[in-house]
Structures are given as structure tokens and as C-alpha cells.
Ligand SMILES: O=P(O)(O)O[C@H]1O[C@H](CO)[C@@H](O)[C@H]1O
Ligand SMILES: O=c1cc[nH]c(=O)[nH]1
């Protein structure tokens with residue numbers, strides 16, 4: 001057991017999918033995995049291990065935001081020896097070339113979080129995806145007719161802003177979408193020498209106001225789940 005995960009040693013696979021929403025983890029376990037066992041219910045943050053096409057894989061909810069995902073990623077790596085961490089999340093598009101339900105492979109992430117500036121004495125660190133996972137995810141998508149966009153995203157500390165003008169500068173510099181965890185995931189993966197990738201589905205468009213339902217966010221963004229599972 002670690003502080004926030006109730007699994008015994010060996011119960012978590014080397015490759016773990018990381019949705020923010022624990023009910024998305026349950027959905028994946030129930031609909032994609034065979035021989036599934038639930039290894040974690042601490043704080044309702046479900047974790048499951050099962051088999052996908054014969055390969056052992058786990059799926060673990062992370063909660064929302066940098067502090068929450070940082071706890072799970074630290075414990076998965078340091079207490080359970082996880083080697084490949086693949087976030088499957090939702091995001092808000094801020095770029096006119098990105099539409100609701102598009103899939104994004106996050107190559108890099110900017111952030112409004114101060115977490116890295118605290119660690120790097122006020123200087124900037126550039127968190128990046130593991131090239132191997134990014135390349136494989138892109139290749140799988142192309143070979144299976146799944147359209148993906150690849151680029152820079154913004155990991156935010158706030159979900160709500162007073163002013164939507166805030167997003168314009170990021171969009172101008174090519175940032176595709178906003179979410180709340182990837183900077184922490186990529187930084188911790190680099191720190192501990194393991195692999196990480198974020199795959200996102202656009203759940204809403206921050207500029208146009210187009211959006212999806214909570215049900216859709218929980219259960220229907222299956223293409224990104226398929227890409228992530230095939231990386232296992
Ligand atoms: O759908 P998940 O993976 O939770 O990701 C996005 O959704 C949450 C906000 O609604 C934040 O966690 C954000 O990063
Ligand atoms: O963090 C997020 C996730 C989805 N949509 C947003 O606008 N922000």
C-alpha cells in the first residue's frame with residue numbers, strides 16, 4: 001500500500017492509463033479489459049488491472065489538477081514500479097483549428113502552475129512527452145484511420161477565468177487546448193526516467209462555447225481509450 005493507493009505489491013501493471021475521472025477508469029475496466037480486478041477504492045479514486053488483447057494494463061483515476069495527479073504519479077512510480085503513464089483526459093479547445101471531439105496528442109505543455117518554478121529556482125522547465133509513446137500513438141492513429149492533432153497544450157491551475165481574453169495569447173503562440181494535469185505528469189516522468197504521454201479529447205470549445213455532456217465525457221470518448229490501450 002502507498003498513502004493514497006490500496007494495491008498490494010504486484011497488483012499494478014507496468015503500463016497505466018490515467019483518466020482524471022475515476023468513473024472513466026471504471027468504464028474502461030468494464031468495457032475494454034478482461035480478467036479485471038479492482039485494486040483501489042481509497043477516496044473513491046478507482047484503480048483496476050486487467051488484460052487488453054492479452055497485455056496486462058492498469059487504469060487509475062487521478063482526480064483533477066496538478067496536486068492530485070502528482071500524488072498518484074509519484075506513488076505509481078515509486079511504490080509500484082510503473083514505467084509507462086498514459087493520461088487520457090478531456091480538454092477545452094482554444095484554437096480555431098481545433099473542434100469539439102477532436103483528439104490531441106500533447107507533445108509539450110505550458111502551464112499557469114508554479115510547481116516547476118518552485119523546483120527550478122524560478123526558471124522555466126519545458127515538460128515534453130516521451131517520444132517513443134508519442135510516435136507509437138501517432139503511428140497507431142494513422143494506421144487505423146483516427147485523425148489526431150499533435151502539439152502544445154496549456155496545463156492550468158484554474159478551470160474558471162473571469163476573462164476569456166486570457167486564452168488569446170496562448171492561441172496566438174500555437175497552443176491547441178487547455179487541461180489541468182499534463183505539466184506535472186511529464187515533469188515527474190522525466191524526473192524518474194519513465195515514459196509519459198497525454199492523449200486528450202476536446203470536450204468543449206472555450207472560445208465558441210460548444211460543449212459535451214458529463215455522460216459523454218465519462219463514457220463515449222472511446223477513440224482515445226483505444227489509442228492508449230494499444231500502446232500497452
Ligand atoms: O477529463 P479529465 O481527465 O479530468 O481532464 C480535464 O477535466 C477536468 C476539468 O473538468 C480537469 O481534470 C481537466 O484536465
Ligand atoms: O481543463 C479543462 C478541461 C476541459 N475544458 C476546459 O475548458 N478546461
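Note: Cβ is positioned from N, Cα and C throughout, glycine not excepted.
Because TrEMBL annotations are produced automatically, they should be read as predictions rather than curated entries.
Here TrEMBL flags 204 as active site, proton donor. In three-state terms derived from DSSP, residue 204 (active site, proton donor) belongs to an extended strand segment.
Annotation source TrEMBL lists purine D-ribonucleoside binding site at 4, 179, 180, 181, 203, 204. The Cβ of residue 203 (purine D-ribonucleoside binding site) has 22 other Cβ atoms within 10 Å, all protein chains considered.
The annotation phosphate binding site is assigned in TrEMBL to 20, 24, 43, 87, 88, 89, 90. According to its DSSP assignment, residue 88 (phosphate binding site) is in a strand. Neighbours of residue 88 (phosphate binding site), defined as other CB atoms within 10 A of its CB across all chains, total 24.
Summarising the annotation, TrEMBL assigns domain 'Nucleoside phosphorylase' to 16-226.
Feature annotation from TrEMBL assigns site 'Important for catalytic activity' to 217.
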- request: Would you mind ranking the binding-site residues 20, 89 by how many other Cβ atoms sit within 10 Å of each Cβ and giving me the lowest?
  value: 20
- line: Comparing the Cα of residue 43 (phosphate binding site) with the Cα atoms of the recorded positions 4, 179, 180, 181, 204, the shortest distance belongs to 4
Candidates 4, 181, 203 (binding-site residues) - the one closest to residue 87 (phosphate binding site) by CA: 181
- prompt: Given the purine D-ribonucleoside binding site residues 4, 179, 180, 181, 203, 204 in the record, what is the largest Cα to Cα distance, rounded to whole Å?
  reply: 31
